[in-house]
């Protein structure tokens, strides 16, 4: 007979597999983009839509995931998430055109948007509150392994098999996870308040149209008139949501959140900072392969120091913030990240290849320091009644800003390279240098926002990871 403790451990393993699938897929695709472009007959400098479609879908669908889990039950929502993600992976591998791949990535994104938040919710429901921290540490460990092996595994599969396998490897894991969910996962439900479907649709339209407008000319080849129409539609949709949410206690996100100055400052700073940081995972593998002529596997291996730096920094973030305070940490980490990011193409083009892993290591450290500090600053002063809404809005804003960052990186590369691809040439080096210079400026600008954070010397025992 299976004991309750054993059953809970198996359930935690199911959630952990979901975390692993999500983080692996997030990092494995970037390294493969040039090879996917070659296979589909596309320009590798115009492949940002493959990333944007996925991240934007996650941003749009996140607000609905928690409500669905409470209404339908965590078991069936988590099962559906794994099925959608796995089927989306199969469709990605079967894609013969860029548009087919983009649509398949949207399907993956829907599954991802439900998988991780519902996984966290599942842990909250199946373990006692005093064991929650230990349980989350257990289920997120595979999620930390995913980014570590993702870039190198993606490069290896592309180089020694084909790009299709970066999606096909999700199939056996997905099938096992889905069966285990059916057999072992309890179906916890909770009473729910009315879901703000009108607000959800307005926000979804606003985010989607504005992001598509940003990527419209470079990635989608839209006309100026179509782009203007998308911008107008997005502005109207977001303005309509603001009007809809005024005095509406059932609004998807309460406007009372913005009466909290620290939350508003943290949210704006977090969004602007993640636009710059979102450019890095997209830009770096393309620079290594197109700019320097690295093989996909070599480019994937070069990304590992960045992940190690990020994981290492997470162990000392609390001490750093307690010592220097939020404002000094955020301002200095932001400016240092801009300098370190710009130094990568300079070091590489000058032939100092041995320094590149060091640069990427510090890039990962500074990124992790900013992310965790921003998350905690944004949420730390919210009252309990607004904590859930504020956290959901922050999660959505994080994904949205990352999609904007990838779109911006694609625009910069397309502009400076004039959409012409020639591997490891002076013209290509110049295009990447100009792109990195603009990216460094974008990364540095949020320091102006973070400089407005009030001086803070309070202890922070639990920083958001």
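The backbone N, Cα and C atoms fix where each Cβ goes, and this holds for glycine too.
Annotation source Swiss-Prot lists transmembrane segment at 12-32 (among others), citing sequence analysis. Within the same chain, residues 50-51, 54, 78, 81-82, 85, 89, 108, 112, 115-116, 119, 122-123, 126-127, 135, 138-147, 149-155, 157-158, 163, 166, 170, 173-174, 176-177, 180-181, 184-185, 281-282, 284-286, 296, 299-300, 303, 307 sit at least 6 positions outside the transmembrane segment (12-32) and bring their C-beta atoms closer than 8 Å to a C-beta of that stretch.
Remote same-chain partners of the transmembrane segment (49-69), defined as residues 6 or more beyond its termini with a Cβ less than 8 Å from a stretch Cβ, comprise 29-30, 33, 36, 77-78, 98, 101-103, 105-106, 108-110, 112-114, 117-118, 121-122, 192, 195, 200, 203-204, 207-208, 211, 215, 219-220, 252-253, 278, 282, 388, 392, 395-400, 402-403, 406-407, 410. Residues or ranges marked as transmembrane segment by Swiss-Prot: 49-69 (among others).
Annotation source Swiss-Prot lists transmembrane segment at 72-92 (among others), citing sequence analysis.
According to Swiss-Prot, the feature transmembrane segment maps to 138-158 (among others).
The annotation transmembrane segment is assigned in Swiss-Prot to 165-185 (among others). Counting residues 6+ beyond its ends, the transmembrane segment (165-185) has Cβ neighbours under 8 Å at 7, 10-11, 13-14, 17-18, 20-21, 24-25, 28-29, 32, 74-75, 78-79, 82-83, 85-86, 89-90, 92-93, 122, 153-154, 157-158 in the same chain.
The annotation transmembrane segment is assigned in Swiss-Prot to 195-215 (among others). If you look at the transmembrane segment (195-215), the same-chain residues 6 or more away from its ends with a CB under 8 A from one of its CBs are 48-49, 52, 56, 59-60, 63-64, 67, 71, 222, 227, 230-231, 233-235, 237-238, 240-241, 244-245, 248, 250-253, 396, 400, 403-404, 407-408, 410-411.
Taken from Swiss-Prot, the feature transmembrane segment applies to 219-239 (among others).
The transmembrane segment annotation in Swiss-Prot covers 267-287 (among others), and the record cites sequence analysis as its basis.
Taken from Swiss-Prot, the feature transmembrane segment covers 290-310 (among others), and the record attributes it to sequence analysis.
Sequence annotations record features per position, and here Swiss-Prot assigns transmembrane segment to 329-351 (among others).
Beyond the transmembrane segment (393-413), the same-chain residues lying 6 or more positions past its ends with a Cβ under 8 Å from any Cβ of the stretch are 45-49, 51-52, 55-56, 58-59, 62-63, 117, 203, 207, 211, 214-215, 217-219, 253, 257, 266-267, 270-279, 282-283, 286, 375, 378-379, 431-432, 434-435, 438-439, 442. Among the features that Swiss-Prot reports, transmembrane segment is placed at 393-413 (among others), with the record citing sequence analysis.
The transmembrane segment annotation in Swiss-Prot covers 430-450 (among others) and is backed by sequence analysis.
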Residues from the same chain, set at least six apart from the ends of the transmembrane segment (430-450), whose C-beta lies under 8 A from its own: 265, 268-269, 272-273, 275-277, 279-280, 283, 287, 291, 327, 330-331, 334-335, 337-339, 341-342, 344-346, 349, 408-409, 412-413, 416-418
Outside the transmembrane segment (219-239), six or more residues from its ends: residues with CB under 8 Å to it: 46, 48-49, 52, 202-203, 205-210, 212-213, 407, 410
Beyond the flanks of the transmembrane segment (329-351) by 6 or more, those residues with Cβ under 8 Å of it: 269, 273, 276-277, 280, 284, 287-288, 291-292, 320-321, 359-360, 362-363, 366-367, 369-370, 373-374, 377, 429, 432-433, 436-437, 439-441, 443-444, 446-447, 450-451, 453
Spatial neighbours of the transmembrane segment (72-92) far in sequence, C-beta under 8 Å, 6+ residues away: 14-15, 18, 21-22, 25, 65, 100-101, 103-115, 118-119, 121-122, 125, 167-168, 170-171, 174-175, 177-178, 181-182, 185-189
